[in-house]
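Reviewing the structure listed below.
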Amino acid sequence: MNDYTQQLQGKKDYLKTLFAGLDVPEWEVYESPDKHYRMRAEFRIWHEGGEMFYAMFEKGQKASGASLIRCDRFDAASEAVNCLMPELIAVAAQSAELRNHWYAVEFLSTLSGEMLVTMIYHKRLDDEWMKAAQALQQQLDISVIGRSRGQKIVLKQDYVTETLRVGDRDFHYRQIEGSFTQPNAAVCRKMLEWACRAAEGLGGDLLELYCGNGNFTLPLSRYFRQVLATEISKTSVSAAQWNIEANWIGNIKIARLSAEEFTEAYTGKREFTRLKESGIVLTDYAFSTIFVDPPRAGIDEETLKLVSQFDNIIYISCNPETLRANLDTLTETHTVGRAALFDQFPFTHHIESGVLLKKKIL
């Protein structure tokens, strides 16, 4: 058993133990590549003895020379990131404007090799920095953003466009710097395909909470008459709207509401101008299914009451412990029809999982 297989087996065993006592079917397991799976990476820039290099630090340790890990390459990151790392630091080292007070760097790449680099500084960025950064951007064929306290300078664009094939169709996603996106594109594609298989034959309308940039929304829209998706982040809502239009999808509407706010609107406790302004009338929908992909804290108690009203629940979780706690409630009214482990974060303790629940027939 190699290192990757061993760590994955540990995650399977953990889930079986955690969900013992619940009637959960055999876990479907979706593996990750064991190298070059992360589309995002971030490093400190360490300056020492006239040299600078990429660095990380021992987990739980204060950032210092004692805890420093030099990173001339980073096998977890995409091949595009690894190819760019030495070129970027070599070019930046030749320019005092780029080199001085350069504190950290963030890479955001795509499967096609498109690259956005955010260079973070402990100094004010001026016109001289912009000239040097524009030359770097052109030389390396990348997009560059400069950040410092109170400053964000976008030289070309602040996003990349990822393309993921799901079933027989390509979906194009604008991924904006600083916004959440699934870091492991290969496993993300498997998650999308699993969710689509779970949705097959359900019909009716879909409600999605916590939709982000529309990652799941776009492919799932093919399986429902109408989709209403909610998201609180303005940046994510903007990206989701762009993604919907770019993919020529006509049956999705986005409501800029938190899950808690939508619960208030859906139950009639409160009216929201944002819904009216978006032309969204909740009584126009006949929801058969709810899709949720909540933050690590899981679903709050009031939203959980809302979720339990739907015939079908597709639940993607980034925290199996809060999923287990939520299932203790949801399995009072629903049965678990499918369960999946997605190894989105190899060689870490983090586990991404998904379940399909169907309402019990009384």
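Just so you know, glycine gets a Cβ as well, placed from its N, Cα and C.
As given in Swiss-Prot:
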BINDING   Q182, Y210, N215, E231, D293  S-adenosyl-L-methionine binding site
ACT_SITE  C318  active site, nucleophile
ACT_SITE  E352  active site, proton acceptor
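Positions of the features from Swiss-Prot, shown on the structure.
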| residue | record | DSSP class |
| --- | --- | --- |
| Q182 | S-adenosyl-L-methionine binding site | coil |
| Y210 | S-adenosyl-L-methionine binding site | coil |
| N215 | S-adenosyl-L-methionine binding site | coil |
| E231 | S-adenosyl-L-methionine binding site | coil |
| D293 | S-adenosyl-L-methionine binding site | coil |
| C318 | active site, nucleophile | coil |
| E352 | active site, proton acceptor | strand |
Remaining residues near the recorded S-adenosyl-L-methionine site, that is with C-beta within 8 Å of the centroid of the site residues Q182, Y210, N215, E231, D293: F180, C211, G212, N213, G214, F216, S236, I316
The residue listed as 'active site, proton acceptor' versus recorded positions Q182, Y210, D293, C318 - nearest by Cα: C318
Rounded distance in angstrom between the Cα atoms of C318 (active site, nucleophile) and Q182 (S-adenosyl-L-methionine binding site): 11
Tertiary neighbours of D293 (S-adenosyl-L-methionine binding site) (same chain, Cβ under 8 Å, six or more apart): L209, Y210, C211, G212, F216, Y315, I316, S317, C318
For S-adenosyl-L-methionine, whose listed binding residues are Q182, Y210, N215, E231, D293, the greatest C-alpha pairwise distance in Å: 16
Cβ-Cβ distance under 8 Å to E231 (S-adenosyl-L-methionine binding site), same chain, at least six residues away: Y210, C211, G212, V237, A240, I254, A255, R256, L257
